[in-house]
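Trainee: My structure is below; once you've seen it, I'll send some questions.
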Amino acid sequence: MTISVPQLDCPLSRPVHPEGERADAYAVEWLRGVGLMADEADAAPVLAVGLGRLAACYVDENASWDTLAFMTILMAWYAEYDDRAIDSTGAIDGLTDAEVAELHRALGEILRDRPAPDPSDPVQRGLADVWRTLNGLASDWDRAAFVDTTLRYFEANRYERVNIRRGIPPTPSAHIGMRRHGGHVYGMYILGAAVNGYRPERRVLDHAAVRELETLAANYTSWANDLHSFAREHRMGQVNNLVWSVHHHEGLTFQQAADRVADLCDKELAAYLELRQTLPELGIPLTGATGRHVRFLEDMMWSMVDWSARSARYDVVPEAA
């Protein structure tokens, strides 16, 4: 099943870190180093995904190499974890639902600064290295909030597996609510501040308008990704996709559903821009750490559109005759 992905116009782009291609190569080196990729495996498919180029959108244009390298290994870990634990018709690498729950428990231990329960597991070993690198790079950041969002990410992932096993897409409303957690977008907002060195005030982060701005940005980012990933996920038996949900529950063709999702993206972007414009009048000037936080929300929005369209991550491999 393929669709013609509607073009999204997201006029929020900015210059990115110039070493994205170097970071792509580093992703391969790191994946091999932690055992998530065999030494003899062809590097070309990973390079074509462009994990380093995506990471280059999430750090400051003049950020240090160490900052870009960290964001790159984070993107690499997310991709491998997602493929091994979530994106399958039931279980992948022999992982049952119970084993995924146990994996999540083990990953939670790592995030509490405890040794990996099974250091022979490359997923655990990879996260342990990501966590060590992050805590060596960032200081005075909201670790507790990040751990909380990550545990919710894992919970949403198990919800996704339930839907896959049933073979029934969730309703659009249910999908939208859980998708924000299942994509770990809120966790990325915290990491953006940690690695790029800005610290928005708590009063700003707790403001109703800023929280809603984050929700609008998270929705746009998630839905744009759903549009581009639909064909690949459909082939893999995934049902946790807004295109699938709209098709199944609203009786539209897949193309009509994709067009509907694109329209929802456009409306969410318009609402985001409208709300952003009001922030200064609410006592939240878009300067300093606040302005940088808002900039990161937008980096995730536009880069998801740009990277998803260019990356081989969502290419569909034709079925064998």
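Placed from the backbone N, Cα and C atoms, the Cβ positions cover glycine too.
From Swiss-Prot, here are the annotated features:
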type	residues	note
BINDING	ASP82	Mg(2+) 1 binding site
BINDING	ASP82	Mg(2+) 2 binding site
BINDING	ASN225, SER229, GLU233	Mg(2+) 3 binding site
MOTIF	82-87	motif 'DDxx(x)D/E motif'
MOTIF	225-233	motif 'NDxxSxxxD/E motif'
Trainee: Cβ under 8 Å to the motif 'NDxxSxxxD/E motif' (225-233), counting only same-chain residues 6 or more beyond its ends: which ones?
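Mentor: Same-chain contacts beyond the ends: 1-3, 5-6, 8, 87, 179, 183, 240-244, 254, 258, 261-262, 265, 304, 308-309, 313-316.
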Trainee: Work through the binding-site residues one by one (ASP82, GLU233) and point out the residue whose CB has the fewest other CB atoms within 10 angstroms.
Mentor: ASP82
Trainee: Starting from the Cβ of ASN225 (Mg(2+) 3 binding site), draw a 10 Å sphere and report how many other Cβ atoms land inside it.
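Mentor: I get 21 for this one.
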Trainee: Under a criterion of Cβ-Cβ distance under 8 Å and sequence separation of at least 6, what residues of the same chain contact SER229 (Mg(2+) 3 binding site)?
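Mentor: When sequence neighbours closer than 6 are ignored, SER229 (Mg(2+) 3 binding site) has ASN241, SER308, ARG313, TYR314 within Cβ distance under 8 Å.
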Trainee: Once ASN225, SER229, GLU233 are set aside, which residues in the chain still have Cβ within 8 Å of the Cβ centroid of the Mg(2+) 3 site?
Mentor: ASP226, LEU227, HIS228, PHE230, ARG232, GLN238, ASN241, SER308, TYR314
Trainee: Average the pLDDT scores across the motif 'NDxxSxxxD/E motif' (225-233) and report the rounded value.
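Mentor: So the average pLDDT across the motif 'NDxxSxxxD/E motif' (225-233) works out to 95.
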Trainee: Could you give me the DSSP helix, strand and coil counts for the motif 'NDxxSxxxD/E motif' (225-233)?
Mentor: 9 helix, 0 strand, 0 coil
Trainee: Give me the DSSP three-state residue breakdown of the motif 'DDxx(x)D/E motif' (82-87), ordered helix, strand, coil.
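Mentor: The motif 'DDxx(x)D/E motif' (82-87) comes out at 4 helix, 0 strand, 2 coil.
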Trainee: Quick check for the class: what is the C-alpha distance, in angstrom and rounded, between GLU233 (Mg(2+) 3 binding site) and ASP82 (Mg(2+) 1 binding site)?
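Mentor: GLU233 (Mg(2+) 3 binding site) and ASP82 (Mg(2+) 1 binding site) have their Cα atoms 12 Å apart.
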